[in-house]
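Colleague: Below are the features listed in TrEMBL for this protein:
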ACT_SITE  166  active site, proton donor
ACT_SITE  354  active site, nucleophile
BINDING   20, 121, 165, 296, 401, 408, 409  substrate binding site
Ligand SMILES: N=NNCCOCCOc1ccc(-c2cn(C[C@@H]3NC[C@@H](O)[C@H]3O)nn2)cc1
């Protein structure tokens, strides 16, 4: 049995997000978010599921931190709910909201677990959406006030900060495709949201530096890796445009201060254009300390203007194994993403801030959750991380998505990504086989192959 060793000090973590696990949706002054509204809009979320209770982590976090300690992780990635801190998005600060996150962070630190805090993981205060949301440039300044409040409340305790989770999902999935809140379907709105989120990111990085907040700051874009079905130019170009849309549109401005020009031209042909104000691109390109990379899947596709995506890219079914949510299992895609980032943007430190698999295994008669498919998925992807490190990519850590089963957005509670099983009736947590597998990896810092 050979082993693959990870670098000394490599961070093994697990990730969640506020709306997906906390519940307590109206407790201690929390305001409504766009996801509370979206869940209550008929037909948007599986069986009308919502985040009212979720995993009740708002009340159970102490026991959950004990489980994290048992898991042996050295870092836990979570997000702060803006509607808990400033309930209407731009007005009074809610001290009880700050108190909750201070208590969570103190509990983590008391157990030797480093927090990685995401400032924005999709739960925009509804009051701001009522005024245009992220498509309204004024939201940028409201976000800065929120970010400054959190920075000052947790400075010195939190050392790893991420501004935004998956800006592609915040913008295109939510305002062009319409699958996520607020469920709009307009290309220019999506481009405006993407741009304003990027400007908010850049201004937040500048604020972090100006305030002298301790630690490191980055952003956590989602990525995927699509390859062309053939070497025909139209297929090659369509695959590039898809990678450009999912990866480049955010990575390039954040890392270089420039949008990918070819894609700007394509968007213009489609009737959309970023509204760039003087100084925006320099702000967006403000130097960050790390990139958080979320990766789940990839595939093969070809040019099909009739049935493809906005750029005429259509996935070709390759018969690859898929997870229970229907995503291809493509571990090499993670290696391709990581080496692409190094090739294009240099030695930026990288944390894999999300990687995991949806498998809906239930407890057996003996109460054990046998999720061997998740173990196989995690093993294959962790090995690709090791391969990328071996080839010189500066990967500092890996957070599996997710610590526990939770509210999977439009899929509600029908899709399970956790290494902890959650019985939503009783809120009991059950360690899956993958929990024990991941515990061994986190403690050993090597994987047996
Ligand atoms: N018109 N074209 N349509 C086709 C174009 O779709 C392109 C792909 O769509 C996507 C892309 C990405 C996702 C996604 C979901 N998660 C899981 C969450 N991550 C954050 C955490 O909260 C997890 O729950 N991560 N990424 C969904 C849909």
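We number each residue from 1, going along the chain as drawn.
The backbone N, Cα and C atoms fix where each Cβ goes, glycine too.
TrEMBL: automatically predicted annotations, no manual curation.
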Colleague: To test your reading of the substrate site: which residues beyond 20, 121, 165, 296, 401, 408, 409, same chain only, put their Cβ within 8 Å of the Cβ centroid of those residues?
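Modeller: Here the nearby residues are 17, 166, 354, 402, 406, 417.
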Colleague: Same-chain residues six or more away whose CB lies under 8 A from the CB of residue 165 (substrate binding site)?
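Modeller: Expected: 17, 79, 118, 120, 121, 122, 220, 292, 294, 353.
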Colleague: Around residue 166 (active site, proton donor), which residues of its chain at least 6 apart sit with Cβ under 8 Å of its Cβ?
Modeller: 122, 220, 221, 222, 294
Colleague: Roughly how many angstrom lie between the C-alpha atoms of residue 20 (substrate binding site) and the residue listed as 'active site, nucleophile'?
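Modeller: For residue 20 (substrate binding site) versus the residue listed as 'active site, nucleophile', the Cα atoms are 14 Å apart.
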Colleague: My understanding is the cutoff is Cβ-Cβ under 8 Å with a sequence separation of 6 or more in the same chain; which residues meet that for the residue listed as 'active site, nucleophile'?
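Modeller: The residue listed as 'active site, nucleophile' has long-range Cβ partners 15, 220, 222, 292, 294, 295, 296, 399, 400, 401.
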Colleague: Starting from the Cβ of residue 408 (substrate binding site), draw a 10 Å sphere and report how many other Cβ atoms land inside it.
Modeller: 19
Colleague: I'd like the Cβ neighbour count for residue 401 (substrate binding site), meaning other Cβ atoms within 10 Å of its Cβ, all protein chains included.
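Modeller: If we count other Cβ atoms within 10 Å of residue 401 (substrate binding site), we arrive at 24.
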Colleague: Which whole number of Å gives the largest C-alpha distance between any two of 20, 121, 165, 296, 401, 408, 409, the residues noted as binding substrate?
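Modeller: That value is 18 Å for the farthest Cα pair.
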Colleague: Give the three-state DSSP assignment (helix, strand or coil) for residue 166 (active site, proton donor).
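Modeller: Looking at the DSSP assignment, residue 166 (active site, proton donor) belongs to neither helix nor strand, so coil.
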